[in-house]
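Here the structure comes first, spelled out in structure tokens, and everything after it is commentary.
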Amino acid sequence: MNLTLTRRLWMGFALMALLTLTSTLVGWYNLRFISQVEKDNTQALIPTMNMARQLSEASAWELFAAQNLTSADNEKMWQAQGRMLTAQSLKINALLQALREQGFDTTAIEQQEQEISRSLRQQGELVGRRLQLRQQQQRLSQQIVAAADEIARLAQGQANNAATSAGATQAGIYDLIEQDQRQAAESALDRLIDIDLEYVNQMNELRLSALRVQQMVMNLGLEQIQKNAPTLEKQLNNAVKILQRRQIRIEDPGVRAQVATTLTTVSQYSDLLALFQQDSEISNHLQTLAQNNIAQFAQFSSEVSQLVDTIELRNQHGLAHLEKASARGQYSLLLLGMVSLCALILILWRVVYRSVTRPLAEQTQALQRLLDGDIDSPFPETAGVRELDTIGRLMDAFRSSVHALNRHREQLAAQVKARTAELQELVIEHRQARAEAEKASQAKSAFLAAMSHEIRTPLYGILGTAQLLADNPALNAQRDDLRAITDSGESLLTILNDILDYSAIEAGGKNVSVSDEPFEPRPLLESTLQLMSGRVKGRPIRLATAIADDVPTALMGDPRRIRQVITNLLSNALRFTDEGQIVLRSRTDGEQWLVEVEDSGCGIDPAKLAEIFQPFIQVSGKRGGTGLGLTISSRLAQAMGGELSATSTPEVGSCFCLRLPLRVATAPVPKTVNQAVRLDGLRLLLIEDNPLTQRITVEMLNTSGAQVVAIGNAAQALETLQNSEPFAAALVDFDLPDVNGITLARQLARQYPSLVLIGFSAHVIDETLRQRTSSLFRGIIPKPVPREVLGQLLAHYLQLQANNDLPLDVSQLNEDAQLMGTEKIHEWLALFTQHALPLLDEIDIARATQDSEKIKRAAHQLKSSCSSLGMRSASQLCAQLEQQPLSAPLPHEEITRSVAALEAWLNKKDLNAI
């Protein structure tokens, strides 16, 4: 029979499905039988077991509530336990009735439950009576305690009055003795002893007796009544009698009447003891009932256990029946499984293996040989299977196609070889072009670096010389000319920096460094506008700021780059505005911080507005500029994650808007010190080959108090370090005639690890250079640099303190030394040591005795003496001590430190004079 593979597989699957259906029907019948047996048993067993469990739980809860009822100490708890007992009793009766309906004998359990209920009702009534008694006890006890306290208070008042009278009598006795009236004095003394003091003792005894009664009543308890009731009653009786006797001796009739009235309440102690006695009897009765309840509950639990045993016996019979049905089903399923397995094996061998699997395996082997390259391999017999006949015909066609493909592949291989040779030639040409581009880029970078160095070096000479000349008082008449030289030099430096920034941006922005640090936006904007205010002098232009209140106090960003962009925008506004105003605004807009520069200048043509951010584009060539400012500002805004936009109306004005991400700073903003920094006594080594740069730098540092040794090459620097005293730091130029500055720095770092190295160069200092030299230099100072900035950077890198943090006012001491000489300062210091220092001991003594006026006088004298000798920090502490003599810190240590610093300064001056 010539059947297809599909029909043969369908026939095998149909037989397996029929076998599966038969097994399922037999298994379903067995499971249905087991389920019916289980249902018949569980419908009766499970509810019965649940009722038995609930009965046990209810009896346990009833016992628990009975125990809590006995210990109930308030009406709320008493009622709650009573309700619980009622609920559990009703639940037990309902369960017993349900079990009786199912054929169980519950007569004994019901009788036991009735007895327990009667006992619990009696127990509840006794607890209620006990609560009422305890309420009465509490009220009466409080009344007696309050009455005793009132008696004690009245007795204390009488005792105080008697003591006052005795004091007056005693004072009179002294007067009589002074007047020499001896007989009258003796009579008064007898009255004092026999009457006044005796009355004081009696009233004190009355007060103590009242307090004793009060304490005895407060300490009364059920346990004491049960143990020693007669003794307590006798003690209270004696104490009350004492109160009654002392009440009669009270002289004040009103007080005596009050005490008598209060004693009536105290005398009710016998009623209080009777209440405690009744409470004790009820507690004993309750204890007896509780013991009886435990015995009854034990009997009840025994009856319930017997009932549970009966229920479990019935359940065991039902489970045995269920196990027999389950075993019958298991044997049936096992037999069915064995028969099904044999039938399945027969179907798989006869239908699947002989008719499908084996012919397919032979055909697959033939196909594998064909795939391995044996194209002419013969195919096996198809065993009358239509699909295999079709595969044979297809493989013959495949042989023909393979031969044709082989021929076509040979042709393609020849074409690929030719194309590969052409591609290799193109790759070689591309590499050559790339190498030429890299050489051009390197040449451009080298040109910019050389240009920067060659321009910055003479520019440093121009700006430095102008600054030094401006400090010369003899050249005040030429100050405007020097200012013009400085402004021109700074403008040239700005143009150079713009060209370098544009070059870095054009190279892809890799060398454009953008920091991320906390800064204060308001001072940044105000100081930037203040710097531009000098350019509007004599011009009809008004500069204004408008900073919104929603601008945070501190933000995160690059304040230097932000200042650069805003300065560029303000410069453009000043360049294109002849009159009117320029407003610097700042506000927030959602998650952005906006800085706007709006002017009333000539405006920009809308057709050119889109081009102004392109390099070397100028609105008007008459206004000057390089045409790079807006390009650099726009690219810097993008580097900081923001954007720069502009709107303008011709003849009305323009508005440039800088948008930056609004990121509020969480870290504190570091405070910058803008005051002059003194470098007194600091030895510095300047390694610089340019003579003009040497001279200007040395003069700048000398004016700050530093001692500078200038060296022109690396060899002299090494020789100087070896033969001279140690230096605090070395300023190293990068371009030296004999050795590269970075190479020299590596050698100095190895030979003199304690020497601080600071870069001092006119090169382009980009992020790459900083990272490459960060392990060698504490920092890099770019040339040109103003004198104040040079001192501040050196102080920062050397971690020096500002001038105000020094103990001495060096400028004052220098002036005094020039006017009167150091010998006079030596004399002042000796007088200070002889006369002023002992004032410190006086301050210590006055502080110990809390004499603030003496401390103020001594602190005032010390403040004047310290101020005369230039001891600034010590003088400040003395002024603070004068204002707060008892709480301000003492100036002892600071004065000692200032004296030592002054002696060192004088010794240094003496050595310099020699």
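A Cβ is built for glycine as well, from the same backbone N, Cα and C atoms used for every other residue.
Feature annotation from Swiss-Prot assigns topological domain 'Cytoplasmic' to 1-8 (among others).
What Swiss-Prot records for 9-29 (among others) is transmembrane segment.
When pLDDT values are averaged over the topological domain 'Periplasmic' (30-332), the model yields 71. Annotation comment: Swiss-Prot describes 30-332 as topological domain 'Periplasmic', evidence class sequence analysis.
Among the features that Swiss-Prot reports, transmembrane segment is placed at 333-353 (among others), with the record citing sequence analysis.
Per Swiss-Prot, the feature topological domain 'Cytoplasmic' maps to 354-914 (among others); the stated evidence is sequence analysis.
Residues or ranges marked as domain 'HAMP' in Swiss-Prot (evidence: sequence analysis): 354-410.
Per Swiss-Prot, the feature phosphohistidine maps to H453 (among others).
Per Swiss-Prot, the feature domain 'Response regulatory' maps to 683-798; the stated evidence is sequence analysis.
D733 (4-aspartylphosphate) is surrounded by 26 other CB atoms, counting those within 10 A of its CB over all protein chains shown. For D733, the entry in Swiss-Prot reads 4-aspartylphosphate, with the evidence type sequence analysis.
H860 (phosphohistidine) falls within a helix when secondary structure is assigned with DSSP. Around the Cβ of H860 (phosphohistidine), a 10 Å sphere holds 15 further Cβ atoms from the protein chains shown. The annotation phosphohistidine is assigned in Swiss-Prot to H860 (among others) on the grounds of sequence analysis.
The DSSP breakdown of the domain 'Response regulatory' (683-798), given as helix, strand and coil counts, is 52 helix, 26 strand, 38 coil.
Cα of H860 (phosphohistidine) to Cα of D733 (4-aspartylphosphate): a span of 52 Å.
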